[in-house]
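K.L.:
My questions will all concern the structure given below.
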Amino acid sequence: LLSQFDPDNTGYISTEKFRSLLQRHGSELDPHKLEVLLALADSNSEGRICYQDFVNLMSNKRSNSFRQAILQGNRRLCSKALLEETGLSLSQRLIRHVAYETLPREIDRKWYYDSYTCCPPPWFMITITLVAFFLYNGVVLDRFVLQVTHPLYLKNTLLYHPQLRAQAWRYLTYIFMHAGIEHLGLNVVLQLLVGVPLEMVHGAARISFVYVAGVVAGSLAVSVADMTAPVVGSSGGVYALVSAHLANIVMNWSGMKCQFKLLRMAVALICMSFEFGRAVWLRFHPSAYPPCPHPSFMAHLGGVVVGITLGVIVLRNYEQRLQDQTLWWIFLSIYVIFVLFAIFWNIFAYSLLDLKLPPPP
């Protein structure tokens, strides 16, 4: 094919020859891919198509140059929207629903719908949720500790405690302990309802990065801004995902076609505000077992900041290489600087400020 349509071996095919190919073999192609190919041909002002872009499309790979060619085109996709297609199976309707929940552009929705194979499945969010649930039930509920007002909630090796901040794993593992069954329940619901669809679209690598970055930022924010408090709960990671998703909806409001998006945003914000307000109240409410402190709420804020910076960049650039995005490097550099600052703060500030920390568990 390349030698026939590109005899000079330039790596390009003229749009005229490209269109003749589509007319000859278009019936053999998936209609979604055919539509993207037509948009690719119409968007090109130089009269030629990159052969590698064609290969990438047919092999379900998207290069940054290919996507830019589509987005800069003047041709309006004329076929019916994915939402209007009928006769779909239950799994196909689920994939279509996920596409409309997370992606603002019709061409991206069709691309995702056409290429998604559920392999691998959204294992990260499901695994994190199951581990949190079983660890909470096994480690905490077995001791009949339903609320953090009981001093026994501090007696495990997973939560973050200011006296034990040298044990670095606690900056991550605190997400598996929660401040009561209602705290666990809300985080589990948000992780599954928001995290699983996002992972289905953006993949485990991107979503796990945003989640873990929110978790680490949450515990480090506590160690800097609320230095005498412990931390429990996965709210840092959950709030990073939810805030990134909500910010992405707001920034692409006209393109998002999910049903009842305003109502759903309002419900999500109400649930997050309720849980955050509860955490603030619990932090400042006098402990029933002094000097056993209540956990901090600063992890929520750390997760939100990560979500509306790093998270938005990850979710906005569907199937694009993040290393090509300038704003990504700016926010990533800010995040790394904050982490380094917090590490040095934990090493030196506690001894210099002469704080009265709660006794170790």
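Cβ coordinates come from backbone N, Cα and C, glycine included.
No curator has checked TrEMBL annotations; they are predicted automatically.
Sharing the features that TrEMBL gives for it:
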- S235: active site, nucleophile (ACT_SITE)
- H300: active site (ACT_SITE)
- 1-28: domain 'EF-hand' (DOMAIN)
- 123-146: transmembrane segment (TRANSMEM)
- 207-225: transmembrane segment (TRANSMEM)
- 231-250: transmembrane segment (TRANSMEM)
- 262-284: transmembrane segment (TRANSMEM)
- 296-315: transmembrane segment (TRANSMEM)
- 327-353: transmembrane segment (TRANSMEM)
K.L.:
Pairs of Cβ atoms less than 8 Å apart decide it: which stretch in 207-225, 231-250, 296-315 has the most with the transmembrane segment (327-353)?
P.N.:
207-225
K.L.:
Reported as an integer number of Å, what is the Cα distance between the residue listed as 'active site, nucleophile' and H300 (active site)?
P.N.:
6
K.L.:
Is the transmembrane segment (262-284) in contact with the transmembrane segment (207-225), using at least 3 Cβ pairs under 8 Å (sequence separation of 6 or more) as the test?
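P.N.:
No, the transmembrane segment (207-225) does not contact the transmembrane segment (262-284).
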K.L.:
In sequence order, what residues of the same chain, 6+ apart, have a Cβ less than 8 Å from the Cβ of H300 (active site)?
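P.N.:
Sequence-distant Cβ neighbours: G218, S235, G236, Y239, E275, F276, A279.
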K.L.:
With a Cβ cut-off under 8 Å, give me the same-chain residues at least six positions beyond the ends of the transmembrane segment (262-284) that come close to it.
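P.N.:
Same-chain contacts beyond the flanks: 148, 179, 183, 186, 190, 194, 226, 229, 235, 239, 242, 246, 249-250, 294-297, 300.
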